[in-house]
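Trainee: Got these off Swiss-Prot a minute ago, pasting:
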- 45-465: region 'Heme a synthase cox15-like' (REGION)
- 46-97: topological domain 'Mitochondrial matrix' (TOPO_DOM)
- 98-118: transmembrane segment (TRANSMEM)
- H181, H256: heme o binding site (BINDING)
- 183-203: transmembrane segment (TRANSMEM)
- 204-212: topological domain 'Mitochondrial matrix' (TOPO_DOM)
- 213-233: transmembrane segment (TRANSMEM)
- 255-275: transmembrane segment (TRANSMEM)
- 276-311: topological domain 'Mitochondrial matrix' (TOPO_DOM)
- 312-332: transmembrane segment (TRANSMEM)
- 381-401: transmembrane segment (TRANSMEM)
- H383, H446: heme b binding site (BINDING)
- 402-417: topological domain 'Mitochondrial matrix' (TOPO_DOM)
- 418-438: transmembrane segment (TRANSMEM)
- 440-460: transmembrane segment (TRANSMEM)
- 461-616: topological domain 'Mitochondrial matrix' (TOPO_DOM)
- 516-616: region 'Mitochondrial ferredoxin yah1-like' (REGION)
- C541, C547, C550, C587: [2Fe-2S] cluster binding site (BINDING)
Amino acid sequence: MNISRSSGLMRQFLLQPLRKGCDISCLGRSSWRMSRSFSGSSVLNEINLSRTKNLFLNDCKFNKNSFEKFFARRLSNSVAPTPGGILQETEKIPSKKVAFWLLGSSALVLAIVVVGGITRLTESGLSITEWKPITGVIPPLTDEQWNQEFELYKKSPEFEKLNSHMTVDEFKNIFFWEWFHRVLGRGIGLTILLPSIYMIVTKRASPWLSKRLIGLTGLVGLQGVIGWWMVKSGLSEELFSDGSHPRVSHYRLATHLAAAVALYIGLVWTGHGILQRHAFLKSMKSGSTSQLTSMVSSVQKMKGFRTSVNSFVGLVLITLLSGAFVAGLDAGMIYCTFPEMGEGRLAPSKSELFDQRFCRKDDKSDLIWRNMIDNPSLVQLEHRILAITTFVAACGLFIFSRAKRNILPKKIKTSINVVTGVVTAQATLGIMTLIYVVPVPLAALHQAGSLVTLTAALSLAQRLHPEYALKNIRSWTKLISSPPKSSISSSILTQQRQFHTFRPSFHSEIKKPLPGTGIKVFFVTPEGREIMIEGNEEGACEGSVACSTCHVIVDPEHYELLDPPEEDEEDMLDLAFGLEETSRLGCQVLLRKDLDGIRVRIPAQTRNIRLERPKA
């Protein structure tokens, strides 16, 4: 419920400890609430209830003999393997080794993209005129084999139009880069294909991971087909005609790069996602689930920021792919100055940017879009605009993170810092590559930087969508029920997580209900034990880390008397386990006269139901 519905006094004693960073375990008379249960948390049979004049509680010492007016409780937000509950997989959780394999494969994809860029820069891509998936792995080893390969190259349009002066030794240099590119591609295919087949056939991969692996192996095969389709465009008979310039189609080059980027994204996203899920699982086992769910909830509320980051990832992708058009058209070889394109001009003339010579229709209706993808001058200008926009957007994210540094999780702030640094370095590399007229080392670094930038953006985006990882962890695991009571010994008390609360000194005006004026609330424990408390008819809490992860199951008779849940409450309930049709957040229920005698069941997974007299 909103603060506006709470009394001023309630706001005072609740929000003050929140500002001081305390963990508010419960609120006694003014409202009731129950922390969210995680499937499999153990249920302790010991219940500690004792008299208190204070609404804020300290550590519990189990005492079954004392309870009176006020009831407090705290779910264990940990799914740690304790004697009372053991985490068990219901679906095979991908191991970290799988994540490292996928990320290692993505590094190989990055390497082949760089090698492909060098192949394009050295004009080596058409040096091998045949497609031999098996025998092509072995390069020519003797002079006779080299001469045979060179004779095949002599029949290509590129040799006849551009390299008729080339010798066998010069041919060996360009042959190496194309051969290395193809062999590396085959190696990547085997690196992804063989482990994928093994894991799927032996059922070592979960259904979720199996689908990903099938998609990734399909992309590998598709990439090989696209690569040869691209090379064939540079061997076309039409390129023998006068005025032609033998080179691969820049459309197919962009498609080839796009397929590689899609494979790279799939590998990085899946590998990083597995590591993220393991990090969440570790948090749940260590008892930090409340912090984890609080983080997920707070991140989900940053809808505008998440949309901005998603748009930023799209912008990085478009900028990257526009670079393929720049490379395919050799557009980086013109206007090698920055920021000007020509003397004293930020852009060439309109007639140059929209040249009618690039039109293919008689009525010139394709003037604009044809120039956008075929005109080197306009293509370079587009890449500049996209790159500058990406840089400005990254700076905007950085400024936002500084302004919101108190509410953004640390890892997200770190990711934004990395994105800003990488984008700045990439922009600098791009300008240097242009000014120095596309030297191969700088251009290769610039191409590698594009994928590094994409990686940083993807990592940030994935951190801003943690709900998917958390949902998977919950669906993949369950908690074994509590062991027999005999197994609960004194040792369990030392293993239970202790919960601390802050005891403010300014709530003394809040008094116990006068006889006959209190509103009775009956809590039914998982063991069927009924506990009655009385509370005043006054405001409930605004909410905290504790109450944002809680729910109880209201008796149907009284459920109809409650106000309908608001959107925020429904969002929180979506994160909880063990929900039933009448589940509600306790912190959102105001005690009223018509609710006198209300009965609520505590979720079966609850443990550590306790109340402790505060220390003086």
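All residue numbers here begin at 1 and follow the chain in the order shown.
Even glycines carry a Cβ here, placed using N, Cα and C.
How buried are the listed features, and what sits near them?
Mentor: Cβ atoms under 8 Å from those of the transmembrane segment (98-118) belong to residues 124, 177, 180-181, 184-185, 187-188, 191-192, 195, 199, 205, 209, 256-257, 260-261, 263-264, 267-268, 270-272, 274-275, 278, 327, 440, 443-444, 447-448, 451-452 of the same chain, restricted to positions at least 6 beyond its ends.
Listed in sequence order, G116, Q223, I226, G227, M230 are the same-chain residues six or more apart from H256 (heme o binding site) with CB atoms under 8 A from its CB.
Sorting the topological domain 'Mitochondrial matrix' (204-212) by DSSP state (H, G, I as helix; E, B as strand; all else coil) yields 6 helix, 0 strand, 3 coil.
Averaged across the topological domain 'Mitochondrial matrix' (276-311), pLDDT in this predicted model comes to 76.
Cβ atoms under 8 Å from those of the transmembrane segment (312-332) belong to residues 117, 120-121, 247-251, 253-254, 257-258, 261, 373-374, 376-377, 379-380, 382-383, 386-387, 389-390, 393-394, 397, 419, 433-434, 438, 443, 447, 450-451, 453-454, 457-458, 461 of the same chain, restricted to positions at least 6 beyond its ends.
Remote same-chain partners of the transmembrane segment (381-401), defined as residues 6 or more beyond its termini with a Cβ less than 8 Å from a stretch Cβ, comprise 305, 308-309, 311-312, 315-316, 318-319, 322-323, 325-326, 331, 338-339, 341, 347-348, 353, 372, 408, 412-413, 416-417, 419-420, 423-424, 426-427, 430, 453.
The number of other Cβ atoms within 10 Å of the Cβ belonging to H383 (heme b binding site), over all protein chains shown, comes to 24.
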Trainee: Distance check, please: Cα of H181 (heme o binding site) against Cα of H446 (heme b binding site), rounded to an integer number of angstrom.
Mentor: 18
Trainee: Taking the Cα atoms as reference points, how far is C587 ([2Fe-2S] cluster binding site) from H446 (heme b binding site) in Å?
Mentor: 54
Trainee: Quick check for me: are there 3+ Cβ pairs below 8 Å between the transmembrane segment (255-275) and the transmembrane segment (213-233), leaving out pairs under 6 residues apart?
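Mentor: Between the transmembrane segment (213-233) and the transmembrane segment (255-275), which are separate recorded stretches, there is contact, as judged by 3 or more close Cβ pairs.
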Trainee: Counting every protein chain present, what is the number of Cβ atoms, excluding its own, within 10 Å of the Cβ of C587 ([2Fe-2S] cluster binding site)?
Mentor: 26
Trainee: 10 Å Cβ neighbour count around H446 (heme b binding site)?
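Mentor: The answer is 24 other Cβ atoms.
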Trainee: List, by number or range, the same-chain residues at least 6 past the topological domain 'Mitochondrial matrix' (402-417) whose CB is under 8 A from its CB atoms?
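Mentor: Apart from its flanks, the topological domain 'Mitochondrial matrix' (402-417) reaches 295, 298-299, 456, 459-460, 463-464.
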Trainee: Give the number of CB atoms, excluding that of H181 (heme o binding site) itself, located within 10 Å of its CB.
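Mentor: Step by step: centre on the Cβ of H181 (heme o binding site), count other Cβ atoms within 10 Å, giving 22.
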